[in-house]
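Going by TrEMBL, these are the annotated features:
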{"type": "DOMAIN", "residues": "12-138", "note": "domain 'EamA'"}
{"type": "DOMAIN", "residues": "153-293", "note": "domain 'EamA'"}
{"type": "TRANSMEM", "residues": "35-55", "note": "transmembrane segment"}
{"type": "TRANSMEM", "residues": "67-86", "note": "transmembrane segment"}
{"type": "TRANSMEM", "residues": "98-116", "note": "transmembrane segment"}
{"type": "TRANSMEM", "residues": "125-142", "note": "transmembrane segment"}
{"type": "TRANSMEM", "residues": "154-172", "note": "transmembrane segment"}
{"type": "TRANSMEM", "residues": "184-206", "note": "transmembrane segment"}
{"type": "TRANSMEM", "residues": "218-239", "note": "transmembrane segment"}
{"type": "TRANSMEM", "residues": "251-270", "note": "transmembrane segment"}
{"type": "TRANSMEM", "residues": "276-294", "note": "transmembrane segment"}
Amino acid sequence: MDRDRLLAAAPLLAAGIWGGMYVVSKWGFRSIPPLTLAFLRVALGAGVLYVAVRATTPARSFDRGEWRRFAALAVWLTAALSTQFVGTDLTNASQGSLLTVLTPVFMLALGVTALGEPLTRRKSVGTALATVGTLVVLSGQYDVTALAGGNPSGAALLLLSSLCFAAFSVFAKPLIRRYSALETATYATVLSVPLFGALVPVEFYLDPAAFDSISPSLPVVGAVLYLGLLSTAAAWYCWYKGMEYADASAVGVFFFAQPVVGILLGAVVLSEPVGLELLGGGAVLAVGVFLVNAD
């Protein structure tokens, strides 16, 4: 595998890190209210990214239009994470899987319509296979009949989150190509911190009792560190890094690997059972990812 193809696979590492969030959640980070957790995650990740960009890249002066584009990414990011965290809190696990399945599909659609990326037959077939494979994997882990039984508002928020994260990914590509993955991830994340911060007092006003359960225990601190250092700083950099070398649709298909990693880690760390659906669905998923990235 040459250097460009290797770096184009960096989003696979990001998907693996995000898959690990399933295990981290079992260790107690849900004791923090969702929007407050999102703020802590992004603030920590932004600090790490800013230190990295100042240490490794030359100082730049962005014009007003470029700052507006970074700010737009920050808005997409804030909308994506806030709707994801609140939506997940309102729904069951089956509906939560909507986020995994729909984000790459939205990325494919936005890549074609907004960036003019080619929609080839192989890319379409590969994305379809990856979608089917992911659904098979999820069917072995969750009760698919529960999809219709959850909170409709939560499902709508997860649907919106999928679209917003796809936009956060796709609309970053021009800035990534002009500057770098690290700089784009850094400034978009830094600008999102005050937006997330503004949501914390709103959450406290709406549900003050939720803050009574917060305690600086080792699992909670470890979960916040995982979310900030790995799921935010490292994963968003790797996710954007793929955009330097591949189309948005080729990057998006790696998102399908997230539930596979989560289930595997659950089996290894938490001794949770693994069914044949993981093997069969994972194989179909792998074929789909290969087709998209071999196009």
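Yeah, the Cβs are placed from backbone N, Cα and C, and that goes for glycine too.
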Let me spell it out: take the transmembrane segment (218-239), skip the flanking residues so only those 6+ beyond its ends count, and list any with a Cβ under 8 Å from a Cβ in it.
10-11, 13-14, 17-18, 20-21, 24-25, 27-29, 31-32, 37, 40-46, 48-49, 52, 169, 181-182, 185, 189, 251
Taking the domain 'EamA' (12-138) alone, what is its mean pLDDT?
85
Out of 98-116, 154-172, 251-270, 276-294, which stretch has the largest tally of CB pairs under 8 angstroms to the transmembrane segment (125-142)?
276-294
Who are the chain neighbours of the transmembrane segment (251-270) in space, where the CB to CB distance is under 8 Å and they lie at least 6 residues beyond its ends?
8-9, 11-12, 14-16, 18-23, 26, 97, 100-101, 103-104, 106-108, 111, 126-127, 130-131, 133-134, 137-138, 141, 166, 169, 239, 242-243, 278, 281-282, 285, 288-289, 292-293
Selected stretch (most C-beta pairs under 8 A with the transmembrane segment (184-206)) from 35-55, 67-86, 98-116, 154-172, 276-294:
35-55
Contact yes or no, the transmembrane segment (154-172) and the transmembrane segment (276-294), 3+ Cβ pairs under 8 Å, gap 6+:
no
Under the DSSP assignment, what numbers of helix, strand and coil residues are found in the domain 'EamA' (153-293)?
123 helix, 0 strand, 18 coil
Take the transmembrane segment (276-294) and find every residue of the same chain, 6 or more past its ends, with a Cβ under 8 Å from one of its Cβ atoms.
5, 8-9, 122-123, 125-141, 246, 249-250, 253-254, 256-257, 260, 263-264
Give me the DSSP three-state residue breakdown of the domain 'EamA' (12-138), ordered helix, strand, coil.
108 helix, 0 strand, 19 coil
